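Novice: I'd like to ask some things about the structure below.
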Amino acid sequence: MARTKQTARKSTGGKAPRKQLATKAARKSAPTTGGVKKPHRYRPGTVALREIRRYQKSTELLIRKLPFQRLVREIAQDFKTDLRFQSAAIGALQEASEAYLVGLFEDTNLCAIHAKRVTIMPKDMQLARRIRGERA
C-alpha cells in the first residue's frame, strides 16, 4: 500500500473528560509513605535465557574442583583403598564428566521438546539414556 502524506486537521471538540471517582482521586492524592521502592525483577525466563547464552559461550568447568575431587575419591574407595590421583587425572575425569552431562542434558531437552514441553523431567532423562543404549 502506498504511503500518503498526512495533513493537519482541526479538532472539532469531542467528549469532555470524565470526573474521577472519589476513591481514585483519594488514592492519587495520598502521599507515598516510606518511599520504599520495589526491587527490580526480570520477567520469568529472561534470566534463564541469559544464563543459557552465557554458559554456551564459556568453556570453563561448571562443577567446583574440590567437591568433584572428593566425590571421585569417595567412589574410588569402593574399589581400592589408599588410591592416589594426579591432579591431571582428576582434571581429565572432570572434563569427561562435564562433557557427558552436557550431552545428556541436551538429549534430555530434545526429549522434553518432543513431548511438547519445555520442562525436563526424570522420564526424559531415562528416555535419552535408553535411546543412547546406556540403560536397558
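Backbone N, Cα and C atoms are what each Cβ position is placed from, and that goes for glycine too.
Straight from Swiss-Prot, here's the annotation block:
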MOD_RES   K5  N6,N6,N6-trimethyllysine
MOD_RES   K5  N6-methyllysine
MOD_RES   K10  N6,N6,N6-trimethyllysine
MOD_RES   K10  N6,N6-dimethyllysine
MOD_RES   S11  phosphoserine
MOD_RES   K15  N6-acetyllysine
MOD_RES   K24  N6-acetyllysine
MOD_RES   K28  N6,N6,N6-trimethyllysine
MOD_RES   K28  N6,N6-dimethyllysine
MOD_RES   S29  phosphoserine
MOD_RES   K37  N6-methyllysine
MOD_RES   K80  N6-methyllysine
REGION    1-43  region 'Disordered'
Novice: Taking just the CA atoms, what is the gap between K37 (N6-methyllysine) and K5 (N6,N6,N6-trimethyllysine) in Å?
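Specialist: Rounded to the nearest whole number, the Cα-Cα distance is 45 Å.
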Novice: Just to verify a number: CA distance, K80 (N6-methyllysine) to K5 (N6,N6,N6-trimethyllysine), in angstrom, no decimals.
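Specialist: So the alpha carbons of K80 (N6-methyllysine) and K5 (N6,N6,N6-trimethyllysine) sit roughly 85 Å from each other.
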Novice: In this structure, which of the modified residues K5, K37, K80 has the fewest other Cβ atoms within 10 Å of its Cβ?
Specialist: K5
Novice: Tell me whether K37 (N6-methyllysine) sits in a helix, a strand or coil according to DSSP.
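Specialist: Note: K37 (N6-methyllysine) is coil by DSSP, not helix or strand.
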